[in-house]
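Participant: Here Swiss-Prot flags 17-24, 85-89, 139-142 as GTP binding site, drawing on sequence analysis. Here Swiss-Prot flags 8-277 as domain 'tr-type G'.
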Amino acid sequence: MNLKEEIESRKTFAIISHPDAGKTTLTEKLLYFSGAIREAGTVKGKKTGKFATSDWMKVEQERGISVTSSVMQFDYDDYKINILDTPGHEDFSEDTYRTLMAVDSAVMVIDCAKGIEPQTLKLFKVCKMRGIPIFTFINKLDRVGKEPFELLDEIEETLNIDTYPMNWPVGMGQNFFGIIDRHSKTIEPFRDEENLLHLNEDYELKEEHAIKNDSAFEQAIEEMMLVDEAGEAFDNEALLNGELTPVFFGSALANFGVQNFLNAYVDHAPMPNARQTKEEVDVSPFDTDFSGFIFKIQANMDPKHRDRIAFMRVVSGAFERGMDVTLQRTNKKQKITRSTSFMADDKETVNHAVAGDIIGLYDTGNYQIGDTLVGGKQKYSFQELPQFTPEIFMKVSAKNVMKQKHFHKGIEQLVQEGAIQYYKTLHTNQIILGAVGQLQFEVFEHRMNNEYNVDVVMEPVGRKIARWIENEEDIKDNMNTSRSILVKDRYDNYVFLFENEFATRWFEEKFSDIKLYSLL
């Protein structure tokens, strides 16, 4: 297989959903159908103690949510698929956003009983903003939920995107019989003991079966004919432009509808995309020179070795272990000899990767999120990854003053991997941490204790709004007020932390020559 064929075989996507919609379950079942894992067990193992493949961090195992982004690669048919299992909690939008910068498509998982939920909407907007094609898997059809047309209408109205159902459910909950495949005109029964049923062009059963006289079957056929009469053909270009989402019904927990989805996904999902540089030049995946960017850094994936891994998306060409690359931020050459792939906490050495692949680079502190690595004589850097403005701030210190070394090492590593944002007061050097949501602080506290053996003391600062300053040279000492704190971020930029919107507006009126701005 030549380089062009290798790149065309890559499919890289993220799975997005609201917590408990079945995202991690779907991830596991995709791995199961690909043969990447031997057993697809129940993911939600709070009683059994059995944990999902993609939830490897201890706090994830304890709480049953994904709070980091795992990367899994597997072969299916003639394709090599990279799945990024995004954080499944609403507090982790910043890490999720960075993950979505590294994919070419997304799979949106929706609970049929709940429809579009807040986190789903938030993540969808990020995908829409980036023009990422979205596939929809409506999950838990073996439970009672909303009617199919109601769910499609909700997706179209709430998300402002057209839908195209690729299959259609027959019944729901206890009366769930199976799904009708629109393309093959077949009915796949939910129960294993049933055989595949076939329909003619008029949706009449070719075989004799008791379901023929069932009201749920009759309703499903009527609905399917209504969908067909709408006359809208599947438009792959609209999918690739982010204007249409193909919709699949199924039950991930029951292994039902997942393989049908996977088959359709590899047929219709985009191959690796070009990526824009800071100079607004598109770098094609087929460029022969290697390039890639770091979108995530994760410390202590293996607690025994206290390792640190930088997650890199290969943008163009081919990566070969041992190759020389240039880290553009420092303009220094380096030889990459330690590279790894992932299956959650299982890792193996990567000798070769091409555009679209996600690989891990062992990091001794060289890399930062957003770094560009290039081979050959290329000089460009990719556009920076956006940063979110925190909404919660805490003073933090070590409970035991004898643990200062471990305390500062832990904070440095967790800040570098993007788990938390770092600020420091100007005169007292008090460390203040910022987060998008409360759970980030809980995870930070847990990891400091579990990975660095440091108990931390955290105290709310009473500030909710962070604003950066465009004209830093105009800052004066008298600008600190009882309702604001002047701090520096990890890059030494000045930042004002304000108590509330009123305090922000008061400052802007009093010091009108100071130009404030926020991040995303």
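Yeah, the Cβs are placed from backbone N, Cα and C, and that goes for glycine too.
Help me picture these features in the structure, burial and contacts included.
Facilitator: Of all Cβ atoms in the protein chains displayed, 27 besides its own lie within 10 Å of the Cβ of T86 (GTP binding site).
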Participant: For S17 (GTP binding site), what is the secondary structure by DSSP, using just helix, strand and coil?
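Facilitator: Reduced to three states, the DSSP call for S17 (GTP binding site) is strand.
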Participant: With every protein chain in view, how many other Cβ atoms are within 10 Å of the Cβ of K23 (GTP binding site)?
Facilitator: 29
